[in-house]
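J.: Below you'll find the structure I mean.
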Amino acid sequence: MGLLKKLRGLVVINDVQDDTVEPVVEAQPPEQDKKEVVYKTPRKKNCCDKYSRVIGVLFLCLILGLLIPIIFMATVYAPEDKVLGSRGYCLINKTIQYSCGDLNQTENECQAIGCCFNDPENAPYLPSCYHSAPSEYGYTVLKSFAGETRKTPLRFIGSALELGKSQSLNFDLSSLRESTTFGDPAWPAQVKIERQGDDIIRLTLSSPGHEQGTFVVDDSFSPSASMNPNLDVQVSAQGETFNISVYRTDTHEVLFNTLYGPMIVGDGYIELTTTLPTAKIYGLGSRYSTKVSPSFEEFETWTLNSRDTSFSNKSLPGTHPFFMGIDSYGQAYGIHVRTSAPLQIGAVPAPGLSFRSVIGTFKILIMAGPTPLEVSKQYTDMVRRPHLPPYWALGLHLCRTVQSSLQNATFSNVTDAMEAIGLPYESDCLDARLAYPDTYAAPPAWVDDAVARLRKAERKFLGTAYPFVVHGSTTYNEAAGLDILLKLNSSYDYFGSVSKAAVGYPDYMNENSFTSWMNSSASVTSKFSTSDGVLLLQNSPLNEAAVRYTLSGNGKNCVPETPDLCCWRSGLGFQVDAEVTEPTEASVCWATIHPSLADSLHLAHRNAYGLHHSRRVRSVLQTLRPTSRPLLMSSSTHPGSGNVSGHFSEGFSTTLDDQKRALLQVLDMGLAGVALTGTPPCGSRDVFNTTAHEKEWKNLCLRSYQNSLFSPFLLSHYEINQRSTNPTDVFGNQIKPLMMLRYMFMPTLYTYFVEASDTGAPVLRHLFYEFPNDTMAQSIGDEYMLGSSLLVVPNFVNESNFGSTTHVPAYFPPGAWYDFFIGRLMSNSSNGTETTLATTSTDINVFIRGGKIVFLQGSLSEPIATAEQMRKLDYHIRAAVSSDGEASGTMYYDDGETLRTDKNYKATLLQASLSAAEQKLRVTPSDVPDTSGQYSDAQRHSSKIDTVDIFGLPEVSKVYSNDQEMSSFSQDSSTGALHIKGIDFDWTQGELTISWELKQ
C-alpha cells in the first residue's frame, strides 16, 4: 500500500506499492508508473446508515458551496496557462507571499520578472511584488551524490532523498531562470547538506567560483555521521522541483523548509527562504524594535548591516544572524545564517523568513536543542564560548565625549562629585576622544595626572580606540609599509574621512602580519599598556566622506585630499539596506579590497570587520598582560565576538521605547553568545531639546538606571554635543542605593558569567529561556530573568506624573515567586499568574524563584568605592523554598583577574542546598585552595557568611548554626520570612549547616 510519510508542517506522499522502506541502493530515479493499490472490505449495514447518508449529503453541499467559488476565482483570475500548484500561480495565501525584487515596483515591472502584484493601496503590509508558489525562481538537479567521494549510494525514501545517518548529501543545480529578480545573471548552484553528529545540520548554498563572505568567520563545525540523529533532512529533487526540509526525528516537526519561496544565486544577489514551525523566534539582532519577536503579520523587514550609530539611531552595528525558536511542542531549536555580508531579513505570516544578500555564500546551521540551554551549547560550540570578564568589569563605569577644551575640567568635576557622594564605580575613560581621530597619537598632557588619580583610588583607566589610522601618522606609515591597509584596488590606496582627517583602514583580518605589527609598534603598545580596559568605538567602520562616484576616475583621483573620490563603483542592484540610498554611506566603500584575503571585496566581510578588530586588540592586551583577563568592549560585533569582547551600543535615548529596545538588544546579544553587553543608562543621545522637558528627562533617566540595574555591562556615557548624563549631573544621591544594590548582587552576577563561559547560557535571559513550554512566557519581552533564579520586572509604564506610583503589568511564570526584599509570596501557580505591581520611583521589582538560593555581599549601608572593596565585606545567603520544599544554588569564587587557563588559577565553588523536610540548609565549599589566610578578612577578600534569609517556611521556634543554637533570628509574621544574623562562619573552614525547629 502507499507509503505516507508525514512530517509536522509538511506532508510528502511517496507513490510506491510496498509497506517497507527499500534498502539503500545506488542512485536511481524512483519508478513513476506504479499506482497505489487500495483494498476495500465490505461494510456491514446498520441502523445508522440512513442518518449517515443525510449527514453526508449536507456535508457534500457545504463543501461544494465552498469549493465552487474558489475554483471560479482560480479559473477566471489565474494567469493564462497557470494552474493551482504550478510555477507562476499567483492566487496564493498572503501568508506565503515572499517579496520579489525591489520594494517599489509597478505592476508591469513586477510581472516582467515573473512575479505577482498586489496593489499597495488595497493591501497594507503586503509586498507589492511577490513570488508565486512555487516560485519561478528555483533550481533543477543536474547531479546528486552522497559523501565527498561521490561513491556513497543515495538513500531514497519513496520519491524523496533522505540524509539519514550519513555525513553529507550534495547537489549540483541548474537555475530555472537566466536572471535574478534584479536582472543580473543567475548562476549554477551547489547545495551541500552535512550533519555534525546527532544535533546539527548544515546547509551550504553557493555557486562554484563565487564563494565569498564566509571563510573568515571560522567555526568549529566538523562533519560527522550519526547513529541516533535527532534531526534529518528530506530533499524533493524531481524534474523542476528542488526543496529541502529539515525535521526532528522524534516529533517529525519541520524546522526548516524551502518549499514555498524562491532560491536564487546570482551576480550581486543570493536569496533563500524558509517556513518555520511557529512565530516564536528570538534574536536575529540587532533589530531596532520594541517587540520580542518579529512582526510576521506586518511583513517586518530589517537589515543586518554594520553601520555606525552616528549615522542613524536605527543603525545597530551588532550583526548576529542567529535566532532561537520554540516549536509547537515547546522544544527549542536554533538557526544560524552564516554570512559576513549585509543581510536583509523579511518575515511573512506563514510564519516564514527570507534571507537576502548581495554577495557570497549562505551556510545555514540548524541546531536541534531541544532545550534553550542545549541550543546555546550547540551554537557556542561552533562560534566559541563567551569569555569570562574580570570581576571589576561588572561594576559601574564612566565615560563621556565633550569638546577637547572641556575634557580635563569635566573629568575633574565628575570625579570630585562622585567621591563626595560616595558613589562606587570602577573606571573612567577620561574622554572618548582624547586624541581623536588618531587613536595612537600622544594624549593631552593632563591625562597622566588623571590616570594617576584613578589608580590612587584603586580604579581603572578605560581607554578608547578607533579602527582607522590617520594619514601621515607613525602608525599609518607603519601599516602602509607592511601593506596591511584596505586598498581601493590593486593599483590605488584607499582613503576615508573622519573628523575631516584622511584615514586609512587596517585589514584586521590579516592575523599574522597585523598581530606582529601591533605587538612591535611602539605607538600601539604605548596606547594599550596604559589602559586597564578598552572601548572599541566606530569600528563598523565609520567613514564620513560624502562619496561622489562620477568623479572618481576609477581610483586615480583617490588621494588623501579628496577621500570623497575614493569609491569608483556605485550602488548594487539589490538595495540591501532600506535605511541608506547607497551601501557605502557612513562606511567603507563596498568595493575596497582586502589584500590578505586574495583581494576579496570588503562588502563580503563588512559585518565581521569589528570582530576582527576586537581579536587583534585582545591579542595585544593579552600579550601585554599574559595572565590577566582584559576588559574589551566593541561597538561592532558578529558571531564569535563574545569570545573576545563584550558589546556596547550607543545611539539610544532615554525614552521608554528606547529603554525597551535597549533591553531587547541585551537579551538577544546574550542568546548570540555575547554575555557582556550593555547600553548607557539614560542613553547616549538626547531627544529632549528644550528645558521645558527637563523634569521629564530626569525622571526618565532615573527610570533608566532602575531598568538597567542588572545589565551585564553598565557604562554611563554620552556622545559629542549631547546632554550630559554623568550620574552626579542628574541625580546626586538618588542612584546611590541602586548602585549599592548592584554591587551587592555581584557574586550572583559573576557566577552567571562563569556559567555563560562554561555553557553559553545568557546572563540575562528571556522568560522563554527558563520556561519554554509556557505560552505566556514565550510572548513577553519586557521582563527578564537574571540567570535561572531572579525575575526582574522593569517599569516601562508611561505615566504623565512621573513622581507618582505606577501600576506595572507583571507576569509570574509557573512556580513559587517571592518578593526578593521582603520575602512575601507573590505567586504559586502551576499555570502562571498575571497581576500588576504598585511601583514608586524608587522601587526595583525583583523576585526570587522558589527552589533557588543566591549569594549577596556587603550591604546598602556599608560604604565602598569599588568592587574590590565590596569583596572585603561579609556574604549573605537568600533562599526561597519551592512548592516541594527544596532549594539550591551556587556561588563561584576566584580572584576575579587571572585567566582560567593559567597554571596558577584557583577557584572555589560554594554549593548550597535546602531541604524543608530535613529542616536544614547546607553550604559546602569545594576546591578551597590550601593557601594560608588567602581568603581571611585580614587578607584580600572576605570568606565570611554573616546572614541567611529563608522564604517560605512555617513558623520557626529555634535555629542552629553547625548545631550551635542561635539567638539572633527573627521571622516576619506577615510574610513568614526567616532572618538569621551573626552567623560569622568562614567557608574556607568547611561546611556550614543551618537547621531549625518548627513551632509546635
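Glycine is no exception: its Cβ is also placed from the backbone N, Cα and C atoms.
Look at TrEMBL and you will find 633-649 tagged as compositional bias 'Polar residues'. Under the heading disulfide bond, TrEMBL lists C90-C116, C100-C115. Taken from TrEMBL, the feature domain 'P-type' applies to 88-133. Annotated region 'Disordered' per TrEMBL: 630-649, in sequence order. Sequence annotations record features per position, and here TrEMBL assigns transmembrane segment to 54-77.
Could you tell me the structural context for the features on the list?
T.: Cβ atoms under 8 Å from those of the compositional bias 'Polar residues' (633-649) belong to residues 217-219, 286, 306, 308-309, 316-322, 336, 338, 340, 380, 383-387, 389, 393, 533-541, 607-611, 613-615, 618, 662, 665, 669, 672-679, 712-713, 715 of the same chain, restricted to positions at least 6 beyond its ends.
Look at C116 (disulfide bond): DSSP puts it in a strand.
Around C100 (disulfide bond), the C-beta neighbours below 8 angstroms that are at least 6 residues distant in the chain are C110, I113, C115, C116, P127, C129, Y130, H131, T181, P262.
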J.: Based on Cβ atoms within 10 Å, give me the single least packed residue among the disulfide-bonded residues C90, C115, C116.
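T.: With the disulfide-bonded residues C90, C115, C116, fewest surrounding Cβ atoms within 10 Å: C90.
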J.: Of the residues in the region 'Disordered' (630-649), how many are helix, strand and coil by DSSP?
T.: 3 helix, 8 strand, 9 coil
J.: How many of the residues that make up the domain 'P-type' (88-133) does DSSP mark as helix, as strand and as coil?
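T.: Taking each residue of the domain 'P-type' (88-133) in turn, the totals are 9 helix, 5 strand, 32 coil.
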